[in-house]
Amino acid sequence: MELENIVANTVLLKAREGGGGNRKGKSKKWRQMLQFPHISQCEELRLSLERDYHSLCERQPIGRLLFREFCATRPELTRCTAFLDGVSEYEVTPDEKRKACGRRLMQNFLSHTGPDLIPEVPRQLVSNCAQRLEQGPCKDLFQELTRLTHEYLSTAPFADYLDSIYFNRFLQWKWLERQPVTKNTFRQYRVLGKGGFGEVCACQVRATGKMYACKKLEKKRIKKRKGEAMALNEKQILEKVNSRFVVSLAYAYETKDALCLVLTLMNGGDLKFHIYHMGQAGFPEARAVFYAAEICCGLEDLHRERIVYRDLKPENILLDDHGHIRISDLGLAVHVPEGQTIKGRVGTVGYMAPEVVRNERYTFSPDWWALGCLLYEMIAGQSPFQQRKKKIKREEVERLVKEVAEEYTDRFSSQARSLCSQLLSKDPAERLGCRGGGAREVKEHPLFKKLNFKRLGAGMLEPPFKPDPQAIYCKDVLDIEQFSTVKGVDLEPTDQDFYQKFATGSVSIPWQNEMVETECFQELNVFGLDGSVPPDLDWKGQPTAPPKKGLLQRLFSRQDCCGNCSDSEEELPTRL
């Protein structure tokens with residue numbers, strides 16, 4: 001192995017481990033980078049922010065935590081949030097323990113003799129729930145009670161929250177979230193691979209130590225290929241989807257030469273690598289079923305947003321540190337308008353559904369076909385319609401897809417064969433997932449009988465394989481072919497409109513999750529003693545001006561550090 005590759009891998013592994021220090025990869029100036037503004041600087045934000053309970057108190061992670069802190073100051077609200085947490089726990093409880101969990105909820109929160117009776121609950125509804133619980137504890141037993149509890153919290157309690165120091169603190173976090181993002185927000189590490197318009201490399205947020213993958217789209221290459229619409233479409237779809245099973249977009253920014261998408265870093269490699277380069281081709285059935293179930297959940301989340309993926313194949317399914325999968329590369333994904341169909345002969349040969357090959361109209365059926373192809377390949381160790389490393393013309397592959405039934409070996413159990421054959425139905429109207437029930441039809445297949453999808457969706461099931469934390473599951477640095485220089489293309493001022501639409505900075509939910517996961521929220525979210533208002537949250541006070549530097553300090557010290565400055569001597573090199 002070349003010295004350059006050894007050094008690049010060593011530096012990346014050290015960064016993934018948190019740099020070996022107490023700061024876990026954070027810059028030594030991270031508190032300065034994430035310093036709260038005085039609340040008076042958030043006035044415009046306060047006036048413009050939409051007052052939506054679901055968005056501010058449920059969907060946004062920091063908003064949810066701060067609303068819970070507010071509720072903890074009032075006993076009647078504490079009971080409501082404790083009930084909601086109890087319902088969440090009930091929904092992911094294993095089947096055999098769910099009835100006992102439901103009884104505890106009924107006794108604690110819904111009984112007149114219970115210690116934490118929640119307010120404004122119709123007694124008839126409680127009685128119905130108790131009866132249904134004894135008949136059979138279904139996962140959605142408390143759905144209506146949950147809705148009513150949120151409805152109660154969204155009225156007077158929500159209005160009181162908006163006038164509290166907890167909401168003011170939320171405004172400070174939102175102010176930080178909306179600060180400009182530049183290349184200096186990150187440290188850059190080794191190249192991991194290539195995308196359609198440029199390299200993909202590992203990167204790390206200086207302020208938090210969080211690792212990501214940075215997908216660079218070279219501006220000249222985009223312009224030469226007229227790829228502006230495709231690039232913006234991928235960015236906007238990634239921004240819209242919030243799923244445990246689809247890579248998340250955390251930041252979008254621009255440099256002089258490139259547009260950059262900062263995405264979830266998946267250290268475990270892709271399924272193509274694991275199917276074909278980790279011993280005998282293919283997986284044991286249990287492992288293939290686990291991945292198929294997680295992919296099904298990812299497709300369900302995409303389809304819920306009316307997005308058809310259209311490029312499901314092994315190399316686009318990535319593993320994280322723990323062995324869970326995420327769908328990646330949404331360049332061919334497209335939104336399907338409500339009540340309409342779309343048309344487009346796009347995808348990868350061997351994974352395109354018959355209706356796509358025939359250039360017919362469709363909605364979400366191509367994704368369920370591709371899931372069948374992928375499940376088959378994971379079990380058989382080869383694609384259903386083309387053998388690995390065997391050259392076969394595109395026309396012949398497409399003929400097989402349209403006309404010839406796939407063959408099954410004894411590696412397939414009867415249930416695995418049943419699911420594959422139903423997903424690989426040539427007629428989309430008969431295909432599993434396309435009969436009116438969507439993902440629910442697929443989840444209810446007997447092959448998934450032993451899987452608790454609620455627990456799977458919460459990340460509570462142990463994956464069958466965990467990647468080696470000391471391994472780099474990608475090609476050597478020198479084996480990744482470099483892009484040639486784009487010639488004959490000039491960037492013009494009119495291109496800036498497109499760049500501004502693309503480079504929108506931080507994405508709310510992933511950014512807030514980053515603050516929570518890296519413990520920045522926990523360390524910075526401090527209020528005054530005994531509930532007193534800290535100076536930075538006092539509307540009557542004024543921002544404290546930083547002390548003036550002396551002449552010698554201004555001459556010899558570095559510029560004050562904001563979130564976008566380069567870091568000090570503790571930083572690692574940005575390019576190897």
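Positions of Cβ are set from backbone N, Cα and C atoms, glycine also.
Computed from a predicted structure; not experimentally measured.
Residues or ranges marked as region 'N-terminal' in Swiss-Prot: 1-185. Per Swiss-Prot, the feature domain 'RGS' maps to 53-171; the stated evidence is sequence analysis. Feature annotation from Swiss-Prot assigns domain 'Protein kinase' to 186-448. Per Swiss-Prot, the feature ATP binding site maps to 192-200, Lys215, 264-270, 315-318. What Swiss-Prot records for 449-514 is domain 'AGC-kinase C-terminal'. The phosphoserine annotation in Swiss-Prot covers Ser484, Ser566, Ser568. If you look up Swiss-Prot, you'll see Thr485 marked as phosphothreonine.
Swiss-Prot feature annotations superimposed on the structure.
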residue : record           : contacts (Cβ under 8 Å, 6+ apart)
Leu192  : ATP binding site : Val200, Cys201, Ala202, Ala213, Cys474
Gly195  : ATP binding site : Lys215, Lys216, Leu217, Asp329
Met266  : ATP binding site : Ala213, Val247, Leu318, Leu319, Asp320, Arg326, Ser328
Gly269  : ATP binding site : Leu318, Leu319, Pro467, Tyr473, Cys474
Asn316  : ATP binding site : Asp270, Ile327, Ser328, Asp329
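If you draw a 10 Å sphere around the CB of Gly198 (ATP binding site), it holds 20 other CB atoms from the protein chains shown. Under the DSSP three-state reduction, Lys215 (ATP binding site) is assigned to strand. Secondary structure of the domain 'AGC-kinase C-terminal' (449-514) per DSSP (helix as H, G, I; strand as E, B; remaining residues coil): 25 helix, 2 strand, 39 coil. In the three-state DSSP scheme, Leu192 (ATP binding site) is classed as strand. Asn316 (ATP binding site) carries a helical DSSP state (H, G or I). The DSSP breakdown of the domain 'RGS' (53-171), given as helix, strand and coil counts, is 88 helix, 0 strand, 31 coil. Summarising the environment of Lys215 (ATP binding site), the number of other Cβ atoms within 10 Å of its Cβ, over all protein chains shown, is 29.
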